[in-house]
Amino acid sequence: MKLAAIFLASSVLLSLLPIHLSQGEAAGERRQWCPSKQQVFRGSCSDDGGQKCLNDLLWTWNPSVRLSPIYCDCTPKRHNKRLCDCPSMICL
C-alpha cells in the first residue's frame, strides 16, 4: 500500500513539472537575458525607469534572479520603446 501511495505521489509531481517549467514560455514571455543582459520593452523610461526595467525583468525572467542584487539602467528608444540594461544580473 505504501508503494502505491509513493508511486501515485511521484506521478503527480512529475506531471506538474512540465507545467511549472513552461509557465509563461508558451507565449514567448520568458526570455534569456544572458549573455547581453539587455532587453527592449515597450513604454517610456520615466523617472523610475530603472525600477520599471527591474519589474519587467522579474516578470519575464526566472524568479530566481531575485536572489541576486540587481540594478538596471533605462535608455529611451524610438517608437515608445526602452532599452533595459541590467549589468549586475548574475547569469546561471
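The backbone N, Cα and C atoms fix where each Cβ goes, glycine too.
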- Task: With reference to Swiss-Prot, specify which of the listed residues C45, C53, C72 is paired with C86 by a disulfide.
- Result: C72
- C34, C45 - which one Swiss-Prot pairs with C74 by disulfide: C45
- Task: Can you sort out which of C34, C53 is the disulfide partner Swiss-Prot gives for C84?
- Result: C53
- Number of Cβ atoms other than its own within 10 Å, given for C74 (disulfide bond): 23
- Task: Using a 10 Å cut-off, grab the number of neighbouring Cβ atoms around the Cβ of C45 (disulfide bond), all chains included.
- Result: 18
- Listed in sequence order, residues with CB under 8 A of C53 (disulfide bond) and six or more positions away: F41, C72, D73, C74, R82, C84, D85, C86
